[in-house]
Structure formats: C-alpha cells, structure tokens
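Heads up: the structure comes next, in structure tokens.
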C-alpha cells in the first residue's frame, strides 16, 4: 500500500507486519521531507510511527477515540487520516496545523498544544460513553515528560478508582520531553527501562527464543505469554506504581516492534477497566541526527536532510530576547548566589540552558509543572532567595491561582520572565502569548513591565531583582532589535516610569513592549502625511506612569495605544481606565488583538491579518483622527482589527 492512497485509517486493518513496516518507512520519509522544508516538530513524531500504526490496527477509527497529549507527536496520525496530500502546507497559513484541532479532522478527537491533558479528556469521553450506554474505545497517548504534569497524575488517580470504566493509557516512554524529564517518577520509569532483568528479557531471552530450531521469526502466543510471565517474575516492581493506583499495567514493551505492540494493545482492550501499556520508544527514530541529538531535533527550522544542519538565514539576525535574558541572568547569578533560575521543562526555549551549563547549582527544572514552579519560587522567596521563573506566556496561564494566592497576596519577591509573549507564529492559538497583559494587571502587588528592546530587558531584569515585591517581564519570541548590549553594570529603571521617544503636538501614541519599534515606524508614516506624534514607551503596565501620561493626554486630546496582546483588559484598557478615573476624556484608539483566536501563520502574516503593521496602523489612525473631528459624543466602535473608544 502506498501512503498517498490511504483514504481512511481503517484501511490499515488486515495488513501484515511487513506491510505495516513499509507504511512506517513511507511515513518517516514524508515526515522528514516536509519538516526539512517547512520546519516543525521532528523527533516526537519519528519516535511514534510504529506505535501509531500498531494502535490503529486495534481500533475502529469510525467510532473509537484517541487523544494525543500535546499533539506535536501526531504527524504520523495526520498522515494516515487524510492529510497526506496537504502535508506540504504544515504550519503555514491556511494549511495543516502543527497540533491537533477538532475543526481540522474528524479523527482529531481532542485539540491540544499544552501537556498533560490527554488522560483527563479520554476519561471524560469514557464516562460520557458509559453514561449514554454507547460502545467505543477511549485511548490516551501520553509521553513520560507530560506524565510529570500534575493534571495527568490527577487523572490517573481518578481513573484508577473507576474499575468498571474501560480506558487505555499508552505511555510513550522515550526518556525525553523537550529536554530530558526530571523528577522521581521519571527516575522510576528509567530504572524500569534499564534494569538488568528487563534488559535481559528484552534482549537475550527473546533472541534465544527466536533461534529455537522450531521457531520462525515472530514468537507464537504461547511463548509471548511465557515471556510476559518471566518479565513479571524477574522484575516484580515493574508497573507497581500504576497498579497501586488501580490500573492494569502491561509492559514495558518495545515501541518499534509492531507485532508485540499489536498483541499487547489487543490484550489491553479486553480489560474491563483502566489499563496502562508502557511502550519504550526512541525519539527521532530513523533519522540518525535526530537520534543522536534528541533535544536539538525536538523541533527544527528548515534544514538540510543530508547534513542535518539548519539552512542559513538569508540575513544575519540579532540574538533572541531569550538568549539575552539567559546570558544576563548567568552574569547576575555569578555575582549573587541567592539568585536562582527556575524553568518548567523549557530550559532551551527560555534561555535557561545557559544557566544550567554555567551554574547548575543555581538552576532548577521542575518538569512540566508550572503550578509547582510558581509556589516553589514563593517558598524560596520566603527564606531569602531571589527566584527568577522563566516560563512561556501561554504556559504560565496554568499557574494563575498560584501567582495570586502564593505570590501576589503575600507580596513575595519573585521575578517572572514570560517568554513568547505576543504573537508566536506557526504554533497557532494554543501557543500565542496574547493573554498575559490582561491577567497580570489584575494581580495584587505585582509590578508588570515589557522592554522595548533587549538592552531594556537587561535593565528590567536588574530592576526586578532589586524590587521588594513580585515582578513580571514579558518578552517576545525571536530576535531583538539589534541594539548595543552591556556585559555588566546595568542601571536599574525607576519603577513605574516611561519615556518619551518622540515629540509631536497632534497625537499621543503610547506603545507597550516590543510594539515600540512599530509605533515609531507608524509615527514616521503619519509625519509624512502632516501628523506629528508624541510616542511614549510605557515600559510599565503596573504601575502606569500617570505622572507622564496624564498631562500629555490632557494637552494633546487624541490618544492611541499599541500592544501585542488581547484588547480585552489589556494595556489600552488600563490606560483608558486611568485617564477616566482622573476625569481626563480624550479620544482614544486601542490597537491590539481583538476578540479572536490567532491561527498558525508567520508572525508577519498574523500582524497583517490583525491590522498591526505600521502601514495598517497609520491608516487606522488616520480614520480615527477624521472621526474625532466629526464627533464630540462618547461612543465605542469595534473594527475587525481595532477597538475604538472616542469621547
């Protein structure tokens, strides 16, 4: 069977193991071809090709449900569920998404992008099935990294107390998440995987059985049962954790042995309650470069298949905000042993891998456990340390209660660096960092700031570590502005003070964070039309620089706010409320992300769709200025890409 001819995953039923192995080869070839050209997640999908095919041999995908945790390992799933022909459009605007989306395919049973949700969702589906008297299988596929997340363990705890609810959890154990997983559970899985009896059974015994004179290639059912019995006798603690929690445990089994997985999944489906099949896979399987560097090839930009090296950028780029943050934090930690960097399984993405290498004693990786990371930092701050928590904006949403309850209310000196704040591009709506402005400004005692460039980031980091309360700094994905950087001696910023970047009498533009460069470009375009703008870099969301902004707004009378975040409750709302509370009522135009989900595309395409390029903003502002001349009545106007408040 050729993969391009596969119209439905059920067409895989009845194929021999040899035929399935040929399909697996085609999946890897297509996977590598597309990701090498367009970029995307590489290692996770390559590692689960056989697992996917074996599992789907035992399911009826017209009715059975499969929930893939996170979804970045589901490229093989997409290739056998009707998206082969469109796969070249992976992660491109209007094309195949990099994660699972219910609106994209009937076979994407649950959307995802964040880790540790699959078991809860699959259990919910199983309970809905049983309550309605229906008959279908529910399966969650979760990695060993995601299993460290508290939500996954909560779901296992719940499911284990429902002995009559059939649910299959497939543990994809590749000893990795994005980076190597951490914690006691991960160590336990590693001991199971590498124990001498397990290695002996997985290798020597099976190989000896295969070479018995009356044996062919695959072991018959009788010897498979003998092998499983020997496995349990030799390693009595295998799976004890899961069995104590109410699951029937099966494994560990070879995640690249199609026949063994099919037999095991078939047996697991016959269990009348929760079952867990522990599958050992190799991340990056089938591509030597990805197997050798499982962190580096977790996700890749476009690269050369022959060499495995990234294709060189057409133009050199400044260092990323993440890298500047990591380098600066290392310098600070070298001077202050009380500063500690904390990440939730995202060391490389946040720049904390630099601290991990330079000063491992001042670095903590808690695994996929954002809630724990925040309260751990709070505890450290209570007893004299200065923790710096670096987490993606979208993932910090998971710890909102801890930020309020454990940090904000107690006014503890914890610094949060929110990476990937704003538009992130090809990862789509689950990863856009568009909500942090709105949720951070509501938390008591927090100081919230965003730098206009990477040099200002350095100063904000120093300022936060000298401040007596909690601070949050949002930084965007990608390269900085290319401004000169200092190696040390950074001057702290006065808390709550913005700066004027440009003077003009016709319009006040107040920009927050990385949108300052676009604000200045917009002001240049307006100046060519005769509109002179004062441009202010707000720097701080909380507290706002009322001392600077109120007189300017009162004098100029026309205000535009620009932010890379959701307008509802955002920076523009904060400034509008501050002005109205002071009985200052200028005409106000808020530019930012309206009440929409921002789909996968390049950042530039997303900005264009949202009307947030300098040319588009200049056009919106010209319309706003024209309307301001025609009315003095208070009104609210909504546009596709802007929200307008006029008075």
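If you go along the chain as it appears here, the first residue is 1 and each next one adds 1.
Even glycines carry a Cβ here, placed using N, Cα and C.
Swiss-Prot lists 72, 113, 114, 115, 145, 146, 174, 287, 370 with the feature thiamine diphosphate binding site. Residue 72 (thiamine diphosphate binding site) falls outside any helix or strand according to DSSP and counts as coil. Spatially close to residue 72 (thiamine diphosphate binding site) yet at least six residues away along the chain are 41, 44, 45, 98, 99, 299, judged by Cβ distances under 8 angstroms.
Taken from Swiss-Prot, the feature Mg(2+) binding site covers 144, 174. In this structure, residue 144 (Mg(2+) binding site) belongs to neither helix nor strand by DSSP; it is coil.
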Exercise. Looking only at Cβ atoms, how many others are within 10 Å of the one on residue 144 (Mg(2+) binding site)?
Worked result: 23
Problem set entry | Where residue 370 (thiamine diphosphate binding site) sits in the secondary structure, as DSSP reduces it to three classes | helix
Seminar exercise, completed: Record-listed thiamine diphosphate binders 72, 113, 114, 115, 145, 146, 174, 287, 370 have a maximum CA to CA distance, in Å, of 32
For this session: Could you work out which of the binding-site residues (145, 174) has its C-beta surrounded by the smallest number of other C-beta atoms within 10 A?
Result: 174
Problem set entry | residue 144 (Mg(2+) binding site) and residue 370 (thiamine diphosphate binding site), Cα-Cα, nearest whole angstrom | 16
